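Each remark here refers to the structure printed beneath this line.
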Amino acid sequence: MPGLPKNEHEALEFLKSNNIKWVDLQFTDLLGKLQHITIPSNEFDESSFKVGFGKLDGSSIKGFTSIYESDMVLLPIPQTMTLIPWMQGVARVLTKVFWGGGKGRFERDPRGIAEEAEKYQSEQGYVSYFGPELEFFVFDKVEVDASLPQSGTGYKIHSREAPWSKNGGYVIRYKEGYYPASPVDQLMDIRLEIISTLVDYFGFTIEAAHHEVATAGQGEIDFRFSTLADTADKVQVLKYVTKNIASKRGMIATFMPKPFFGDNGSGMHTHFSLWTKDGKNLMYDPNDEYAELSQIGRYIIGGLLEHGRALSAIVAPTTNSYRRLVPGYEAPVYLVWSKSNRSAAIRIPAYYKGMEKAKRLEYRPPDPSSNPYLVFSAILMAGLDGIRRKLDPGDPVDENIYHMSEEKKRSLKIRELPGSLDEALNELESDNEFLKPVFNSSILQAYLDLKKEEAKMMQLYPHPMEIYQYLDS
């Protein structure tokens with residue numbers, strides 16, 4: 001399989017040697033959706049990676065620009081040039097978004113925020129690494145009736161392995177998807193195709209792929225950790241490849257957090273570590289008896305707990321996110337930390353002892369409906385604020401908080417994550433100073449405005465369960 005280009009020259013050679021006819025220019029919008037424009041490959045030359053392509057109408061992208069300042073430029077990132085293996089003679093490349101007219105980088109380009117975060121941490125003498133675990137569902141079909149909301153809305157999920165399936169084959173019972181072998185696991189072949197494509201064409205190193213806890217085709221793919229912007233790029237690629245391979249098979253992949261009631265939702269647990277530039281893990285202390293965690297590591301946790309409610313608006317950014325973040329489904333609800341407690345927002349993995357390179361934290365609230373460029377940048381900034389202010393995270397909580405009395409939770413001063421998107425947005429609106437060295441006011445305000453509009457719109461529609469519950473009122 002073709003190797004990934006390392007520079008502009010190799011990217012141009014890549015187009016020639018692979019007989020590429022079309023190139024997909026891809027970028028991420030403010031809400032985390034991957035967008036694209038396709039151009040002829042013969043438009044690429046030596047200047048393309050310096051001048052870019054004036055192809056984007058920014059007024060057509062939510063949260064970008066208005067119609068009177070809509071001309072924008074997409075600047076290709078040569079190291080991201082790859083084949084699209086399910087299309088003949090087509091390549092794709094990720095791009096940076098610039099204002100037209102030579103006015104510089106577009107301040108609401110999410111990838112630009114990730115680059116600013118990397119620059120900011122470098123100025124502080126740090127390097128960070130991120131390793132997200134992406135969960136998702138692959139359904140056979142989803143029927144949605146929302147075109148005439150006045151007469152009612154609804155949806156139906158078809159899944160060959162779900163308890164409600166009528167296919168006559170094996171089913172996976174609720175919460176028993178972790179880890180039955182095939183043929184009970186009926187989606188191993190599609191996961192293998194996804195991870196093989198990621199490795200062969202997109203430069204991934206895969207660490208694991210497996211069925212997840214939920215029925216109806218829930219899976220997880222874990223790839224090797226990397227630096228902030230590169231990891232966010234890989235999240236977008238993984239979602240893109242997964243959706244396309246499912247679609248090619250006549251199925252549908254979704255990264256929404258909670259597509260149906262009664263089973264676990266999909267998260268994006270994010271592993272994070274902070275290092276010096278000369279390769280020392282700042283979170284590791286072999287003399288710490290509890291978790292081999294350093295004082296700096298505790299300060300990072302303190303920052304994440306301090307700003308956890310505000311972070312929710314970025315890491316759990318949809319109304320559906322808060323149907324996942326409820327007790328009973330292995331999702332975090334409480335802003336505490338622990339060595340192995342999966343009801344806590346922050347977990348310190350304890351697979352190994354005495355291994356500096358493996359010391360990290362796992363931040364559990366994020367889900368894959370989020371914008372990874374903003375998520376990883378916000379996690380970094382909260383952690384750095386914890387270091388700067390020496391925020392004490394308090395003692396770890398190792399018992400199941402779901403079973404803890406309200407009185408005990410109050411005595412331990414345990415705070416909960418927001419219970420809704422509205423609540424999370426209010427928290428972000430009042431607590432965002434820690435983000436401002438990297439998140440400019442333009443992107444913060446645009447994000448808040450878009451998400452408030454989204455939350456308000458969702459509140460207008462009666463829910464099918466409301467009909468069930470209140471029809472006899």
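Glycine is treated like the rest: Cβ placed from N, Cα and C.
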Inset, instruction - Could you look at GLU123, GLU220 and say which one Swiss-Prot places alongside GLU135, GLU212 in the Mg(2+) 2 site? - result: GLU220
Legend entry - Binding-site annotation, Swiss-Prot, Mg(2+) 1: partner of GLU133, GLU362 in HIS210, HIS211, HIS269: HIS269
Legend entry - Candidates GLU133, GLU135, LYS357, namely the binding-site residues, that fall within 10 Å of GLY265 (L-glutamate binding site) by Cα distance: GLU135
Legend entry - Long-range Cβ environment of HIS269 (Mg(2+) 1 binding site), under 8 Å and at least 6 residues apart: PRO132, GLU133, GLU362, TYR363, ARG364, PRO366
Inset, instruction - Starting from GLU212 (Mg(2+) 2 binding site), work out which of the binding-site residues listed here (ASN264, HIS271, PHE272, SER273, ARG324, ARG342) have their Cα within 10 Å, and give them in sequence order. - result: ASN264
Inset, instruction - Would you identify the secondary structure of ARG364 (L-glutamate binding site) according to DSSP, in three states? - result: coil
Inset, instruction - Among the binding-site residues GLU207, GLU220, point out the residue whose Cβ has the most other Cβ atoms within 10 Å, with all shown protein chains included in the count. - result: GLU220
Inset, instruction - Kindly assign LYS357 (ATP binding site) to one of the three DSSP-derived states: helix, strand or coil. - result: helix
Inset, instruction - Could you work out which of the binding-site residues (HIS271, ARG324, ARG342, ARG347, ARG364) has its C-beta surrounded by the smallest number of other C-beta atoms within 10 A? - result: ARG342
